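Written below as structure tokens is the structure these notes are about.
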Amino acid sequence: MPGSQARSRARDRNNVLNRPEFMSLNQPPRREQGAGEGRGGGGPRRASRQQSQQEDGGPAADGGAKDASHWPEQDCMQLNPSFRVIAINSLLAIDISLSKRLGVCAGTRGAGAPLRSMVSLLALSGHALPWLCGTLICLWSSNTLAGQEVLVNLLLALILDLMTVAGVQKLVKRRGPWDFPPGFLDYIAMDMYSFPAAHASRAAMVSKFLLHHLVLAVPLRILLYLWALLAGVSRVLLGKHHISDVGCGFALGFLHFSLVESVWLDSATCQTLISIGTLRWTPLV
């Protein structure tokens, strides 16, 4: 017996797991509840809270699942962007930088401050309110069927341009390069965002319409083209729109002109609309 006890003590002494630094390996694992109770009694509450969140599908479980599902895609987009994304972001950066540099009349103390009044007047010439009021006045004073036909179609084209541009702006919600709050006239014309430029679209549509339906001399035709271009550029100088906004506005204005020409209303339809619009108007016969 003494020999066997000596051999067992020697075996225990040579066992590596009996050393003090490895004693924790010989102990049974503790339960999480016991560990929580030893730290201050908050273990059961925390465990029950986590269990209830997992059962109810709480924010912790949902947030972890969402993050786990979105991390690979986000990392892939950030680490390996496509050429199309790089090209679009580069063009947008150039557009914003050039638009801010060209907004010389945006402030009252900039390089173009002396020209601010003239540029603002030029931009006002492309506003919807003067064109709508002027068309209605001309339509009221017109006494020819051909003139009323042209003016009614022009009025419908102005309304189409106003509603289309306002709808696209509300959908895109792009701010201007200087992010100025819209003014009173902008609220009237529903021109509260930057893309596309309403003044450029209206100027392109009106100039194309007048050049197509009016007989004008060559100098007047050149002045009309020049007015449409300057009316759009004036909004960039005032810091209201980007260059891309004005370009898309010009394209949208030509599209509106083509649409109005394709659905042109004849004289009889225009007279019917005039008689419906006012009870005191006597249509021409």
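Cβ atoms are placed via backbone N, Cα and C, with glycine included.
TrEMBL annotations: computationally assigned, not manually curated.
Annotation source TrEMBL lists region 'Disordered' at 1-72. Residues or ranges marked as compositional bias 'Gly residues' by TrEMBL: 35-44. The transmembrane segment annotation in TrEMBL covers 119-142, 154-172, 210-233. Here TrEMBL flags 150-261 as domain 'Phosphatidic acid phosphatase type 2/haloperoxidase'.
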**Request:** Count the Cβ pairs between the transmembrane segment (154-172) and the transmembrane segment (119-142) that lie under 8 angstroms and are 6 or more residues apart in sequence, then report whether there are at least 3.
**Result:** yes
**Message:** On the 0 to 100 pLDDT scale, where does the domain 'Phosphatidic acid phosphatase type 2/haloperoxidase' (150-261) sit on average?
**Reply:** 92
